[in-house]
């Protein structure tokens, strides 16, 4: 029995290692995702000039405050709606919420382009945040698509990579297309709508990009929610039809794979006996018919009602297999009720019936309700979902978002501050910056984006595979306080050492960001007690991050202003260092947990093992009885 179980588990582990990476679905998800950073980041190159065009004040020092209000409006609104969209995705599915978020982004951008005053701009940005809950839902979708543990590091690094790429494209679009009448007078005539609304063109282009993303999502993005993914999706069917007509592309049914996998498992339990008409019609061996008493095995998947089907109705391929599966189940239950002798037969003698060429399982004890594999739709209370470890994770999201977004704001300020030729008064009291041009700052930030993309997609999976989620996260968050503490001193370096030090700091920064956020996301996915609350948890984490992203820039800006007045130009950086220390201290209390909510192979291992243990035990008992009988006959002879 132990040997059989060990062989079964070894085969299970080997199948996970050789399981293909879900490239196609993640590619579709990336195409949907990239439109959002393009739209979100496109406003930053011109937001200062757009606020200036509102003519709110003649004091240019106040313009940064109003620009910050416009930027923070999105984050505050996203914080208010994040948990709502996460919980709604647990009820209606991931795909509708993702498409709604993208549509909300497009509507917000179009409205923002037509803004003529601060009020309209604030409403447009807030509307985009309220309608967009995609940060948390996207994390949930990736967790449900990438179910094999060995693939998670690479899978969770793709979306940050896409965000970096979209940020570079969006910043370029915003800076290039703003004020087209002024920049391209030969193509955009004065007096046209482009002069009346000088910042409409980049927003229109971004809206078109978002619409393309929505269309791609409708046609090719598959639902990942465990209770919804087997429902018919006419959008995906239309997308498959278009691919078949244009690219001669063939689809494969996921039901085929599930049935084939179950047949192979039953064949393994039958040991060396091969049933009659054993054959292979797909990439792996399969049997003609499989009869499984669904009530005993605990399958809760909804199958079509045969009596309700009209002859004129056409079912998709997956539904056809469901009908065959239900007929097999009904046949098995009928045979068992009509044949009382079947209950007295040994498990393996009834498992393979050569005359009927079908499998039938003996009575098995029902698995526990805690088995996520057998009852994925079991409701989980919010009290159980928000465990102490989950709360630590969500708080960690907020702390990390606070000091990383503050760094994103403070770094360009440090680059643009005038140089100081005065000697430092003490180790902490000094002032000055790099006095770089806007063009030089843009080049540095672009290089930073490319560095982060490379590290995100190539280096992070190797680090995470070697050290795991928790250690990777701890090391990166514990390095942040030292990074923030040292950055202000870069302005005191000799001119020949400044730029090498800047690029070293950027490498440190992007490596930490590329490692900390995906690791924290995978830890939260593993902590979820059920897929039914995974969207809620990711929504709460996204809300926590959004709130801190809204507060962080304002707070750090005020501290920076106060520090400059007092002669301590590093005061805001050292404040971020203190916040980062809190995050590092909190990480000590975090624990890494094995995935509970995964709907893939990993989470089903224990349940499946427990499911077939009675067969293995009775099989071993039968073999033991046969051995004793042979020994008794030998003794009598």
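Backbone N, Cα and C atoms are what each Cβ position is placed from, and that goes for glycine too.
Quantities reported herein were computed from a predicted structural model and do not represent experimental measurements.
According to TrEMBL, the domain 'Major facilitator superfamily (MFS) profile' annotation covers 25-595.
Long-range Cβ contacts of the transmembrane segment (26-51) within its own chain (Cβ-Cβ under 8 Å, at least 6 residues beyond either end) map to 63-64, 66-67, 70-71, 74, 98, 101-102, 105-106, 109, 112, 115, 118, 121, 132, 134, 138, 141-142, 145-146, 155, 158-159, 162-167, 169-171, 173-175, 178-179, 199, 202-203, 206-207, 209-210, 212-214, 216-217, 220-222. Residues or ranges marked as transmembrane segment in TrEMBL: 26-51 (among others).
The transmembrane segment annotation in TrEMBL covers 63-85 (among others).
Here TrEMBL flags 97-114 (among others) as transmembrane segment. Sequence-distant neighbours of the transmembrane segment (97-114) (same chain, 6+ residues past either end, Cβ-Cβ under 8 Å): 32, 35-36, 39-40, 42-43, 85, 88-89, 120-121, 123-125, 127-128, 130-134, 137-138, 141, 197, 199-204, 206-207, 210-211, 213-214, 217-218, 221, 535.
Long-range neighbours of the transmembrane segment (126-146) within the same chain, counting only residues 6 or more positions beyond its ends whose Cβ lies under 8 Å from a Cβ of the stretch, are 22, 25-26, 29, 33, 36, 73-82, 84-86, 88-89, 94, 97-98, 100-105, 107-109, 111-112, 152, 154-156, 158-159, 224-226, 521-522, 524-525, 531, 534-535, 538-543, 545-546, 597-599. Among the features that TrEMBL reports, transmembrane segment is placed at 126-146 (among others).
If you look up TrEMBL, you'll see 158-177 (among others) marked as transmembrane segment. Proximity of distant same-chain residues to the transmembrane segment (158-177), defined by a Cβ-Cβ separation under 8 Å and at least 6 residues beyond the stretch ends, is recorded for 26, 29-30, 33-46, 138-139, 142, 183, 201-202, 205-206, 442, 445-446, 449-450, 452-453, 456-457, 513-514, 517-518.
With a threshold of 8 Å between CB atoms, the same-chain residues lying at least 6 positions outside the transmembrane segment (197-221) that come near it are 25, 28-29, 31-36, 38-39, 42-43, 46, 50, 53, 95, 98-99, 102-103, 105-106, 109-110, 112-116, 170, 173-174, 176-182, 188, 235-236, 238-239, 242. Look at TrEMBL and you will find 197-221 (among others) tagged as transmembrane segment.
Look at TrEMBL and you will find 313-361 (among others) tagged as region 'Disordered'.
Summarising the annotation, TrEMBL assigns compositional bias 'Basic and acidic residues' to 321-340 (among others).
Among the features that TrEMBL reports, compositional bias 'Polar residues' is placed at 341-359.
According to TrEMBL, the feature transmembrane segment maps to 390-407 (among others). Beyond its flanks by at least six residues, the transmembrane segment (390-407) meets 477, 480, 484, 509, 513, 516-517, 520, 523-524, 527-528, 537, 540-542, 544-549, 551-553, 555-556, 572, 576, 579-580, 582-583, 586-587, 589-590 of its own chain at Cβ-Cβ distances under 8 Å.
Within the chain, the transmembrane segment (441-463) has long-range Cβ neighbours (under 8 A, six or more residues past its boundaries) at 153-154, 157-158, 160-161, 164-165, 167-168, 171, 175, 412, 415-416, 472, 502-503, 506-507, 509-511, 513-515, 518. Under the heading transmembrane segment, TrEMBL lists 441-463 (among others).
Through the fold, the transmembrane segment (475-497) approaches residues 396, 400, 403, 407, 411, 414, 417, 419-420, 424, 430, 432-434, 467, 505, 508-509, 511-512, 515-516, 519, 569-570, 573-574, 576-578, 580-581, 583-584, 587 of its own chain, all at least 6 residues removed from its boundaries and within a Cβ separation under 8 Å. The transmembrane segment annotation in TrEMBL covers 475-497 (among others).
Beyond its flanks by at least six residues, the transmembrane segment (571-589) meets 392, 395-396, 399-400, 402-403, 406-407, 410, 428, 473-474, 477-478, 480-482, 484-485, 487-488, 556-557, 559-560, 562-563 of its own chain at Cβ-Cβ distances under 8 Å. Among the features that TrEMBL reports, transmembrane segment is placed at 571-589 (among others).
Sequence annotations record features per position, and here TrEMBL assigns region 'Disordered' to 595-637 (among others).
Feature annotation from TrEMBL assigns compositional bias 'Basic and acidic residues' to 618-637 (among others).
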Below 8 angstroms Cβ to Cβ, which residues of this chain, lying six or more residues outside the transmembrane segment (63-85), approach it? 40, 43-44, 47-48, 51-52, 54, 56-57, 97, 100-101, 118, 121-122, 125-137, 536, 539-540, 542-544, 546-547, 549-550, 553-554, 557
